[in-house]
Amino acid sequence: MAAIKKVVLAYSGGLDTSVILKWLGDNYHCEVVTFTADIGQGEEVEPAREKALKLGIKSENIFIEDLREEFIKDFVFPMFRANTIYEGEYLLGTSIARPLIAKRLVEIAKSVGADAIAHGATGKGNDQVRFELGAYALNPDIKVIAPWREWDLNSREKLLAYAESAGIAIEKKQNKSPYSMDANLLHISYEGQILEDPNVEPEEDMWRWSVSPLNAPDKPESISIEFQNGDGVAINGEKLSPANFWVNLNELGGKHGIGRLDLVENRYVGMKSRGCYETPGGTIYLKAHRAIESLCLDREEAHLKDSIMPKYAELIYNGYWFSPEREALQALIDKTQQKVSGVVRLKLYKGNVIVIGRESKNSLFNAAYSTFEEDSVYNQKDAAGFIKLNALRFIIAGKANRDK
């Protein structure tokens, strides 16, 4: 590999990426540019600027961007058009955030003339794959530095020792969670510590976004969600930007103990991993989106969507957001959403999301045909021929078996 002259680092301002920042200079002797993305993680991102400056980064080489609206509009909403769930439970909160970060890393690298990007994902997880597949899809010539796959700082003690020797300030935060956490507007995840035993129940004080369903309000709350062309646009009649829509939905879900999840998932790199997640807004949204689709989609259209969803979810989980196959599936999915518009009413109660009504100007529900009362449009005698034709293969097979 040719000598790297300039690298763009995905920088959080935390211990790990601060160590990486200094390590890149010590080992690659290159200029470092930092990129910090605000995707709704709930922490102030501006302190990352001060930390980078203290570590010797030039002010013009520090990029801090608010990507919350783009994250929801161009990544979360398109994903939910497919009602995407990985392995029957996971709403892909971490997976869907990585393509946007990879995209901006590559774009910034181009704008500043960098020949490489770097990230702080470990060599055991999925994120290394997601970042790097995204980067190579967008720029096949980009170089990627993954320090966790190169260095020997493979313990917390070694990281702290390196930080001290490099003059990196180590902050001791009060009430700091012992878990490894990752958050954005869609969810917050928890891994590590006692969660590494899949049979140990997480402690109640681990959960940060939601009350326990046991302690949620004793009175249900009714809300409405309006959709236009498959995407949410309003809550309780109030039009909201994509990011504000999600902030409000998270608050409603968290208040009622909605969206907690404890699962063991199959990582792309081959191992099983136990994680806990809070996705309050996403849990409500998925229920509502399926409800409005139930009115607006043709039966075969809906069933086709359901059949491709697991593959679509797998592509996102494994890091193939920018792949031609994901984009092809997205085109099909987006086509189905052109008439998915209307309003869904729901009740939120102690961890439950209950659909209580749905309406759409594009509804395919026709009471004249579906009524249980007498009607003048459906001839029930027609069903006999329909059944007979669909039973023909059973009749032929049955006779063949009987004659043996």
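Glycine is treated like the rest: Cβ placed from N, Cα and C.
Checking the candidates E171, E201, E265 against Swiss-Prot: the one annotated together with Y90, S95, N126, R130, S180, S189, Y277 at the L-citrulline site is E265.
Record check, Swiss-Prot: ATP site residues include A10, Y11, S12, G13, G14, L15, D16, T17, S18, G120, and the candidate from A37, A97, A109, A137 also listed there is A37.
Apart from T122, N126, D127, the residues listed for L-aspartate, the same chain places the Cβ atoms of A121, K124, G125, Q128, V129, R130, V269 within 8 Å of the centroid of those Cβ atoms. Cα of G120 (ATP binding site) to Cα of D127 (L-aspartate binding site): a distance of 9 Å. Once Cβ contacts within 10 Å are tallied over all protein chains shown, the binding-site residues Y90, Y277 are led by Y277.
Taking a C-beta cut-off of under 8 angstroms and a sequence separation of 6 or more, D127 (L-aspartate binding site) has the following same-chain neighbours: T94, R98, H119, A121. In the three-state DSSP assignment, the secondary structure recorded for A10 (ATP binding site) is strand. The secondary structure of Y90 (L-citrulline binding site), as reduced to three states from DSSP, is extended strand.
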